[in-house]
Structures are given as C-alpha cells and as structure tokens.
Amino acid sequence: MEILFYLATFCLVLFMILATYDGFFLHIWKYELFRRPESAFEHKTHTIRAILFPLIVWCLFLNETSWASFLLGVSLVVIDLIVLAIDAYSEQESRSFMGGLPRWEYLIHLFSNAFHFSAIALVLAFKLRVSDSAVQFVSTFAPSPGYEFFTFISANVIPGALLLALLHFVLMLKKPQAFWNNCRTKVICC
C-alpha cells in the first residue's frame, strides 16, 4: 500500500508542474487565450477544469473518512473527463491564430492529463478494496511516511490550484482583463 501513496504523490506533483506551465505560462501569459475571441470557449473549459481540480483533491484525496465526499469526488472526476473531451475536441478551432495546437504543446497536454488521471486511479486503488463478494470503501489508513507525505502534498497543492482557478475565472470578466493587460504590458519577460 505504501508504494501507492508515493506513486500518487509523484503523479500529482508532475501533474501540477506541467499544468502550471501549460495553464498559466502558455495559456494565460504567453498566448493570452482569454483575450482571443476564437479561444474564449477553450478558456472557459480550462476554467471549469481549474475549478474542478482543487475540489477533486479535497473530496477524493483528503477526505478519507467520508463516503459522500468520495462519491462527490468521483462524480467530479467524471465531469472533468467530459469537460476534457469537449476541450480537446474544440482545441483545433481555438488555436487557428497559431496554425493549430503545436505538437509539443499537445505532448504537454498528453502527459499532464496522464499524470492527473494516474494520480486519481492510484487514489481509487487505495480507497477501494475489492474482494470476491464486494467492493469496500477504505475510510482509515494506518499512519505511515508515504501516507503522511501524500496528504501533505495533496493539502499543499490546493492553495495554488485555487489561485489558478480564480485567475482563470476573473480573466473571463472585462475589468479584470483590462487590469491584467495593463500589468502584463509592464513586464518584459518570456
């Protein structure tokens, strides 16, 4: 069981690194997808996924004693998968200003989502015990270094994920967009 905690943590950290690079640096900073009419729908799907992520971590990764929270977390994962499919389907039109999605960014999306859903699958593996007669929800875990590390990392990704979700949301509004653009033009970087 200990290895599952470490693997889930590893996948979560790699997802956060790739998602921050993609979601903040590429989508918001470099390409400013929120400002482009052809990319507005893509920005909305990214906003929904950015909001879902900390909720999934809270409900599925951290609330280990609540069956209701677990079911809510699984439901949020299903919604996340649906939004991901919609986002992937619409991305070609959204990136027409740059000749479509670059192959290297496609690879970032591929690995980012692979780590995202691998972390979730590993969490499901240690939260569900399957026997010949039933599937049981595991609500308590013995204290261990792997479990403590997993909960520490999971709890500490939430504040940054909430900030990124909030930034995605406010950049859909005109006044915050104007403020962002004003601040953005003062920074010479990247």
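The backbone N, Cα and C atoms fix where each Cβ goes, and this holds for glycine too.
Note: TrEMBL annotation is automatic and uncurated.
Remote same-chain partners of the transmembrane segment (6-26), defined as residues 6 or more beyond its termini with a Cβ less than 8 Å from a stretch Cβ, comprise 46, 50, 53, 57, 61, 105, 108-109, 111-112, 115-116, 118-119, 122-123, 126, 146, 149-150, 153-154, 157, 160-161, 164, 167-168, 190. Taken from TrEMBL, the feature transmembrane segment covers 6-26 (among others).
Here TrEMBL flags 47-63 (among others) as transmembrane segment.
Within its own chain, the transmembrane segment (69-89) has Cβ neighbours under 8 Å at 42, 45-46, 48-49, 52-53, 55-56, 58-61, 63, 109, 113, 120, 124, 127, 137, counting only residues six or more beyond its boundaries. According to TrEMBL, the transmembrane segment annotation covers 69-89 (among others).
Summarising the annotation, TrEMBL assigns transmembrane segment to 110-129 (among others). Here the transmembrane segment (110-129) has long-range neighbours at 1, 4-5, 7-8, 11-12, 14-15, 18-19, 22, 53, 56, 60-61, 64, 70, 74, 77, 84, 135-138, 141, meaning same-chain residues at least 6 beyond its ends whose C-beta is under 8 angstroms from one of its own.
Here TrEMBL flags 149-171 (among others) as transmembrane segment.
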